[in-house]
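**Student:** To start, I am sharing the structure in question, which I have written as structure tokens.
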């Protein structure tokens, strides 16, 4: 017996050592990959891997209903959750509670705030890696009899800042020193920013989930909807808040938020989540840095507020840009609110709602039109003018703002750098965002040409444009599909609560999957098409 116990301990020790070596090997390979591969390729690998893993787990778990979704639909759903697009080809109530949890994880780790936070921590590691390489170069070039240089990472951990003698005078004369004279300040500032974004992410989610749970406990009408559908309250709260903050737009109910159109309190809870997780994130982050910097981490906060470009975090905008971003966001919401009220106030889309509920519902709809995609109305029933306005809102990047200011020297240098990059032949071949969208729309019109002939009302060009732009903007708005709009009624047709793309061919769905990936990575091609001159 003791002999077997001894063998068991040795085997356990061997497995433990093997696991530690495997972890070390994976870390080395992954760490090296992150700093050698182009950031664009890193993002592609991340989202493709995330989508494939999500597909595998969703496939392994059993759905709530007897009918199992097809593999193409499960992969489509996984991609939609990972890229926070909320495009759907199956009804949401098909998924079991375990599958909803998996989708929640996909939306959380695929959200822009989370991925940018991970990028900050990787940026910290890259700074350490760069300093270590510089120290090695200096040690090789220096006199071999001189003492070995100190590892910067050790100084960082001990919070020791050593200023070169040549920069000491300038360091003492300036309150906020540039990072070339104090590289440790940049490291500490990025570290501070990373943990600040993490705190922002956690606190907003906790407040949101708690608010939804309290509302559902107090308002029986909203809770009854979940009880009748067999959806767990806690799962609904976490799923909806994560989806809303990540600007995904998935809701566990088939009808999205239409069934909660009269629950104005719930809509009021979700409206701030939409804004602080997407279009107003840079402004909220800058305000948070200013508040925290008043009490703690004053030096790091001042560096971040005054050197937004050097920090290298795209969500950290200059002061004036942040203010004008807020004005632009609310300006778009106001324009959409006026258009929607003037065209749809007495329409069937808002029937059954009183004046207060209509105001809150329209506000909720216009806030979600930018990038979140949650809806309280059937978009196929609203005026085409509103659909066109929504298309424009979905196409615009989240941080679009009106900046009526003169470019300073720094922005001129940045533009000169862009001009230099344009000199590369490969960069000149890159099309603009709009050009790629036109190509995708044409391809989908080709793949769905048979349906466009047989069912022209449902498969109209406008509906296809809405679906493609919605996937590109990672919004999730859809006009859906209605059997009543068929010119040749099909007796076997059944209305389903999923997106218009659910009726597309497999080729069309695969094309839309590519559009969702393209939309999630569009920040890498915002300057595409500059080589084209339209005279």
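In case you wondered, yes, glycine gets a Cβ from its N, Cα and C as well.
Where the annotation comes from TrEMBL, it is an automatic prediction and has not been curated.
Okay, so TrEMBL annotates it like this:
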- 40-60: transmembrane segment (TRANSMEM)
- 100-122: transmembrane segment (TRANSMEM)
- 192-218: transmembrane segment (TRANSMEM)
- 230-253: transmembrane segment (TRANSMEM)
- 265-289: transmembrane segment (TRANSMEM)
- 323-343: transmembrane segment (TRANSMEM)
- 376-396: transmembrane segment (TRANSMEM)
- 429-446: transmembrane segment (TRANSMEM)
**Student:** Can you work out which residues elsewhere in the same chain, 6+ from the ends of the transmembrane segment (376-396), have a Cβ less than 8 Å from its Cβ atoms?
**Tutor:** 256-258, 260-261, 267, 332, 335-336, 339-340, 343-344, 347-350, 361, 364-365, 369-370, 433-434, 437, 462-463, 465-466, 469-470, 472-473, 475, 477-480, 482, 485
**Student:** Report, as numbers and ranges, which residues of the same chain sit near the transmembrane segment (265-289): CB under 8 Å and 6 or more residues beyond its ends.
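**Tutor:** Same-chain residues near the transmembrane segment (265-289) but 6 or more away: 111-113, 193, 196-197, 200, 204, 208, 211-212, 215, 219, 222, 240-241, 244-247, 257, 301, 304-305, 315-317, 319, 321-323, 325-326, 329, 360-361, 363-364, 367-368, 370-372, 374, 376, 398-399.
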**Student:** Is the transmembrane segment (100-122) packed against any residues at least 6 beyond its ends, judged by a Cβ distance under 8 Å, and which are they?
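**Tutor:** Contacts with the transmembrane segment (100-122): 34, 43, 46-47, 50, 54, 57-58, 61, 77-78, 81-84, 190, 193-194, 197-198, 200-201, 235, 238-239, 242-243, 245-248, 250, 252, 277-278, 281, 313-315, 520.
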**Student:** Which residues, given as numbers and ranges, are at least 6 beyond the ends of the transmembrane segment (323-343) yet have a Cβ under 8 Å from it?
**Tutor:** 275, 279-280, 282-283, 317, 362-363, 365-367, 369-370, 382-383, 385-386, 389-390, 393, 399-403
